[in-house]
Amino acid sequence: MTMLKDPSKKYRAFPTIDLPDRTWPSKTIDAVPIWCSSDLRDGNQSLIEPMDAAKKLRFWKTLVSVGVKEIEASFPSASQTDFDFVRTLIEDGHIPDDTTIQVLTQAREDLIARTFESLRGAKKAIVHLYNATCPSFRRIVFNQDKAGVKEIAVNAAKLFVKYAAQQPETQWTFQYSPETFSATELEFAKEVCDAVIEVWNPTPENKVILNLPATVEVATPNIYADQIEWFGRNITRRDSVLISLHTHNDRGTGVAATELGLMAGADRVEGCLFGNGERTGNVDLVTVALNLYTQGINPGLDFSDIDGVRKVVEECNQIPVHPRHPYVGDLVHTAFSGSHQDAIRKGFTQQKEGELWEVPYLPIDPADIGRSYEAVIRVNSQSGKGGIAYLLEQEYGISLPRRMQIEFSQVVQGETDRLGLEMTAEQIHSLLRREYLQANVPYALISHKLQEENGNSSVDAEVHVDGETQHWRGKGKGALEALVAGLPVAVEIMDYNEHAIGSGTTAKAAAYIELRVNGERAVHGVGIDENITTASFRALFSALNRSLSQTQAKAA
């Protein structure tokens, strides 16, 4: 079977919402939603191998440490394992006073009773009721009409009131999800929710949660936003209701749907860390939270050690996070492209502490989420001078002059082409040493004596040439001019730069020389030494030897 030439014969577009006076497109997200993690329930039930109790507890503690205040811990009536986990959290004191446990149940009395029993002794708890409401589920799965579906929800809501009254020591919050909300007729979804509200009788001080799932993502995010805005306008007792979003990622727009839903007036977001969940996953709470953060809003969730959080999630879920996953993937703060690297390097150079973040290609400062700058720039055959210069400067304190960056990038390019792999900072530094610092043929500087008198310098350089030692002597206005005067070839210095590497008594000097030998093409040399004069002499010999070697290679 192949893709249809006319898919409209098999699939139909989801109808738009009649909301000509919609207001959400002109809104911004300026308030932080209530966050609810469903990792231990929705996320766990989607795993090939569900978490055991130890993994669940480890995950729970991670969610608490991040700052998630509402955590859906399990489906207690589904298994003894889930029931026991809730008991462990309560009896062993794993629920902080500012954190609320949430559990899920279907709309059957035996399951509801078991669910409330699992929560006995909890200081506060959210009990989450659901039943599917959309036409396809009513017809295909349950063989129920609208009245039957509504009756299921209302009867279950009454049972919530009954069993909660038997445990008055717990502060109860009730939550109802018209499952498949986004595929349900809006008027009917409202009708069912209104009926549930009537039973639960919420107040502004004791609100109910109406969770409106895109159980399966069936339309573009703007349609979901229209549904949320319409619902918020029309639901009864809006001041006593928290509207909660629960999006999935079937069409790849779970984050967008959530953000537009918040613009449309929602108060709360359910999801999973890094987007685990049924099929293509629930909305990623991390992405939504850090999207807020990069708009200048503190999301109330702390991902200062995002790699530590990822490690827990990967080990508990046994699913690796994709290297391109927003904010946390191994490659999301990495640039291989030469133009990107150059822009990033310039951005880091100009970025001042305490100023607005404006580094190109990096929407967030990696340091804010515990990432080092080490992996920001990586070098492969597509890389340019900016990335190479950045790595040498960050890792080794070596600041190559601009024209030398261009020259050395060609050396690195040849090496990456030869290897067919990316190069690490260590490999680039090794190549710099081999190409420049160890360029000692045909002339190797062994030692030198420098004398200065009345503004004039004289140099006696001991040089190893073809197996024997020679002394080159010269005079000039400065040390370099004196050394050049003593060379056996005509050398013209085009540019000279120097800087310190490190500080204090252990600091070294780096010197860079650009020169031409006998009128040939200009080349660069590098010298590093504790003494700045020695460093400059080594740089001159480095450039001299490289020039002569290139001339000889060209002649051959």
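The backbone N, Cα and C atoms fix where each Cβ goes, and this holds for glycine too.
The domain 'Pyruvate carboxyltransferase' annotation in Swiss-Prot covers 33-307, and the record cites sequence analysis as its basis.
The Mg(2+) binding site annotation in Swiss-Prot covers Asp42, His246, His248, Asn282 and is backed by sequence analysis. Cβ neighbour count for Asn282 (Mg(2+) binding site): 30 (other Cβ atoms within 10 Å of its Cβ, all protein chains included).
Residues or ranges marked as region 'Regulatory domain' by Swiss-Prot: 439-556.
The Cβ of His248 (Mg(2+) binding site) lies under 8 Å from the Cβ of Pro213, Ala214, Thr215, Val216, Glu217, Gly254, Gly277, Glu278, Arg279, Thr280, Gly281, Asn282, Val283, each of which sits 6+ residues away along the same chain. For the Mg(2+) site, the Cβ centre of Asp42, His246, His248, Asn282 serves as reference, and the other residues of the chain with Cβ at most 8 Å from it are Ser38, Pro213, Thr215, Thr247, Gly254, Glu270, Gly271, Cys272, Gly277, Glu278, Gly281, Val283. Each residue of the region 'Regulatory domain' (439-556) gets a DSSP state, and the totals for helix, strand and coil are 34 helix, 58 strand, 26 coil.
Under the three-state DSSP scheme, Asn282 (Mg(2+) binding site) falls in the strand class. When averaged over the domain 'Pyruvate carboxyltransferase' (33-307), pLDDT in the model lands at 98.
Cβ environment of His246 (Mg(2+) binding site): Ser38, Ser177, Asn211, Leu212, Pro213, Ala214, Thr215, Glu270, Gly271, Asn282, Val283 lie under 8 Å away, each six or more residues apart in the same chain.
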